[in-house]
Each structure stands twice: as structure tokens, then as C-alpha cells.
Amino acid sequence: MTEIQRLLTETIESLNTREKRDNKPRFSISFIRKHPGLFIGMYVAFFATLAVMLQSETLSGSVWLLVVLFILLNGFFFFDVYPRYRYEDIDVLDFRVCYNGEWYNTRFVPAALVEAILNSPRVADVHKEQLQKMIVRKGELSFYDIFTLARAESTS
């Protein structure tokens, strides 16, 4: 493992710890806070469907199924899962991208990581210069930018 890769992996792990990214479902009412109209609309639609089913002779026997399904499916809105970021997921296009998104392109690295790379005696001057050029050109760097630098370091 190269020095840049090690520093990037440490940063990703500290980010996972700080943001409680552990792939575990946690009870949360963030859905209600973010989408109160949708949440109320769900209940209005549920009660409207329930009223129609109770009025119908053919559907009134399966009302219990509607109630059970609604409760089960509604339960999913009360759980958030914060997926764990991993170094191995960077620049990989597979199912995890659908789950995590391309976080490595949309999140910027902390300034502490850039400073650690620039101050590390184990990183070659060529890579430090390349990093400084990237900073001048782009301003803020994404995790993917540092990943490409780590890849360049491993090939040299």
C-alpha cells in the first residue's frame, strides 16, 4: 500500500466513523421532516383506499392484507442506512454505485488529508507537485482526484 493510499484509506475510515456509516439500519424520522406533504399524502391515500375496500363486498375480506402491507411498507420510511465508504469502491461501476452513488466524485477531501500528503516524507516530490497543480487548477479536490494520485504513485 502506498503512502497516499494509506492516508486516503485512513481519511475514509475516519469519515465513516464520524458520520456513523456502518451499513446498519437506524430508526429515523428524517423522511417525515424532509417530505411532510408526501407522508401526509400517503396516509390520505391509505385511508381513501381503506374506505373504498370497506364499502366493497368483494374487497372487504382482504382489508387485513392492505393494513398489514401498509404497515410493513411504511416501516421502511422510518429507517435510514448510511452506507460505508470504502477505498475499493472508488472508480468501480457496479451495483454499489446505485446504493452509494458516486460519493468519491461528489465529496471533497478534507484539507487535513491534502496537508498530510504534502507534509509526508514518504510521498515523492513529483506527486506533491502534481497535487499542488491539481489544487491550483480545481480548488477543492474530490476523493477521486486523490485516488488518481495514489494510482499514479503505485505505478511509479
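Even glycines carry a Cβ here, placed using N, Cα and C.
The following features are taken from Swiss-Prot:
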- 1-35: topological domain 'Cytoplasmic' (TOPO_DOM)
- 36-56: transmembrane segment (TRANSMEM)
- 59-79: transmembrane segment (TRANSMEM)
- 80-156: topological domain 'Cytoplasmic' (TOPO_DOM)
Mean per-residue pLDDT computed across the topological domain 'Cytoplasmic' (80-156): 88
Positions on the same chain near the topological domain 'Cytoplasmic' (1-35), where near means CB under 8 A and six or more residues out: 77-87, 109-110, 112-113, 116-117, 120, 122-123, 127, 143, 146-147, 149-150, 153-154
